[in-house]
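Trainee: Per TrEMBL, the feature substrate binding site maps to C:Met44, C:Gly193. Taken from TrEMBL, the feature ATP binding site applies to C:Arg119, C:Ser166.
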Amino acid sequence: MEKNLWKHIETVRTQSPLVHNITNFVVMNNTANALLAVGASPIMAHAHPEVQDMVSICQALVINIGTLNDYWVRSMLLAAEKANQLGKPWVLDPVGAGATNYRNHTLSALLSYKPTVIRGNASEILALAKANTTPTKGVDSTAESSEAIEAAKLIAEKYDTLVCISGKTDIIVGKGAIISLDNGDALMTKVTGLGCSATAVIGAFIAAIDNKLEALTAATALFSICGQLAAKQSAGPGSLQVNLLDKLHNISEEEFWQTLKIA
Amino acid sequence: MEKNLWKHIETVRTQSPLVHNITNFVVMNNTANALLAVGASPIMAHAHPEVQDMVSICQALVINIGTLNDYWVRSMLLAAEKANQLGKPWVLDPVGAGATNYRNHTLSALLSYKPTVIRGNASEILALAKANTTPTKGVDSTAESSEAIEAAKLIAEKYDTLVCISGKTDIIVGKGAIISLDNGDALMTKVTGLGCSATAVIGAFIAAIDNKLEALTAATALFSICGQLAAKQSAGPGSLQVNLLDKLHNISEEEFWQTLKIA
Amino acid sequence: MEKNLWKHIETVRTQSPLVHNITNFVVMNNTANALLAVGASPIMAHAHPEVQDMVSICQALVINIGTLNDYWVRSMLLAAEKANQLGKPWVLDPVGAGATNYRNHTLSALLSYKPTVIRGNASEILALAKANTTPTKGVDSTAESSEAIEAAKLIAEKYDTLVCISGKTDIIVGKGAIISLDNGDALMTKVTGLGCSATAVIGAFIAAIDNKLEALTAATALFSICGQLAAKQSAGPGSLQVNLLDKLHNISEEEFWQTLKIA
């Protein structure tokens, strides 16, 4: 699969899939920009009378519960139901799973519509598996990615989905496969919503590529590699956010292969 | 009119008009920053109990339906009604017109309050004229600006308004006039919400300048020229967003005249 | 107190307090990034079923009424009530106070929960004190900081709170103390929401530091100094926003002391 990763990046650029996002207020701008930078076409819409129409015209759906409320939860459920019905791929970002009962209940309802991919930090994946013995610290993780592997296996099995545990090492779990990606940079944790942007980019890749495990791996590798390359040029988190969007847009095949650390 | 364009840019800087925006979640930050960069003073407010009060204290209103829902549609209608009542100029950005029935119905209701200017891409303008034979691709245009000229003429006539069709060439249509502006850069389509920011800047210009056709032309020229100049300095869409705001703030008269391509 | 200011900046970096923000749509991204840049951990949540749970797990609360509506006002009241009940510090940013009756009523209700700090521009502080004889121009101030000192004294007394009047000179008023900070740069007024970000940073400092007057002073000094240093390197407001986040992250003790102007 490794040799296909760059090809998938080019496929997204060529196909420019339309990706429907129901995400949180904090990251909407960055998320849309990350999608544009990798060559996809973002749309954001959540009104109940139109949300299922939008799912119908898009190639994938991204749901992120960061700043949920009752109206938005209903939008998410309508959209996930439609994606499930139409067999369209969708990705779930369980922001703050385990922090409140309200988030846990919302996530249970969403999981019934079988997301194609779930991407979260270790604390969130542990919480999703109800195996969370690590106290959640708001939306940031207090656990290491490796601790959450068993939880991810459980979730992958139970919901027939792929799981990406983000962290210092990103770990992808599903269908018997475990893939580790050792790219990224610590400065990325000082920019809000980079995880949310990574989730949206995964949406673009599962929209355009049939092999969902390869799509998830290519998206995750691309995002972490671009973050790592961008961090090298950055004086702090402000410039990292800017340089990351530039790099998602202009990364070369050579840069990709020279930076990739996969196992 | 051409010779007045720079004077109008200076008028906005001097008068610093207060511009009320009811816009989408994705672009609120950029939109406010674009308004500040050209010298205007942005306000964003949508609560039903105050939205008409805000229209009363502002010099112009900007309505953008990007992430509408029932509450926000009601806010937009209340604001447009008040602007119409008080004779205050307002600009409409029909994001995603034609994509869903919900958007089309909302736009019909808004149009009854006679916007001073409508700014959209070719697909949106075609959809507004119900002459849309081009399938809409989410919020991005699949049609060329030139195809939408007849549609724009119809709308300009029917609603007694000015229309700006954004695209590779920006085309301004109204009261027998057709103006083409050939500035901008392809990289601008890789930054989310630049069209929405252009619409907000138009709001600032129709707030401060009596001749609305000249105001619209000056705003559109300024935005596209700054985008073009900023793109030259930018490694990708991240830096373009930053450089565009800088250029809107510090563009010189010489740069403006040397870059302008108007016909 | 002056000699403690840098120590407090380091305390925030070390403790990384969790700060709950209920703020406006325009600035959510920047606000979260400003908190991360100073070393804090932001969370944004407003759903009625979870908002009090979130207050419980956080070390401080930030309330900013920029883009309020009925749902959000209720969120703010629930959160402020809980913070008050649990004795958690919280900061109020009364954006647009005096612009509409709706804002004034909302602020009266919030003030009953006794914010630890109120930070606003001179017009807003005057409006809060119902001593506002200066017409409000939207969300920007038309009054000088110094005119609002008497108003700030009244508020500080009446609500047993600290007040920070932001402006060319930032003035901190409370418990008999008046502190002036003469840092910052005029270009900062051309970036949207820097005041809102300053308020959030105050939230991080009152979360981590017991002496609230020193916490407020350290936060305000840090933000204005970083803005001043960032402005020197910036071609316009776009790059200022980026450079400010970088500087909040990487400012050195030497830069801090060399730039500080306190009286």
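Cβ coordinates are placed from backbone N, Cα and C, and glycine is handled just like the others.
Values in this document were obtained by computation on a predicted structure and should not be read as measured data.
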Trainee: Where does C:Arg119 (ATP binding site) sit in the DSSP three-state scheme?
Mentor: strand
Trainee: I want to verify one value. Collapsing DSSP to three states, which class is C:Met44 (substrate binding site)?
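Mentor: In three-state terms, C:Met44 (substrate binding site) counts as strand.
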Trainee: Run a quick check on C:Met44, C:Arg119, C:Ser166, C:Gly193: which of these binding-site residues have any Cβ-Cβ distance to chain B under 8 Å?
Mentor: C:Gly193
Trainee: Give me the count of other Cβ atoms within 10 A of the Cβ belonging to C:Arg119 (ATP binding site).
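Mentor: C:Arg119 (ATP binding site): 31 neighbouring Cβ atoms within 10 Å.
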Trainee: For C:Ser166 (ATP binding site), which DSSP three-state class applies?
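Mentor: SS state of C:Ser166 (ATP binding site) = strand.
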Trainee: Suppose we call a site close when its Cβ is under 8 Å from a Cβ of chain A; which of the binding-site residues C:Met44, C:Arg119, C:Ser166, C:Gly193 are close?
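Mentor: From C:Met44, C:Arg119, C:Ser166, C:Gly193, the ones near chain A are C:Met44.
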Trainee: For the C-alpha pair, I'd like the distance in angstrom between C:Met44 (substrate binding site) and C:Arg119 (ATP binding site), rounded off.
Mentor: 19
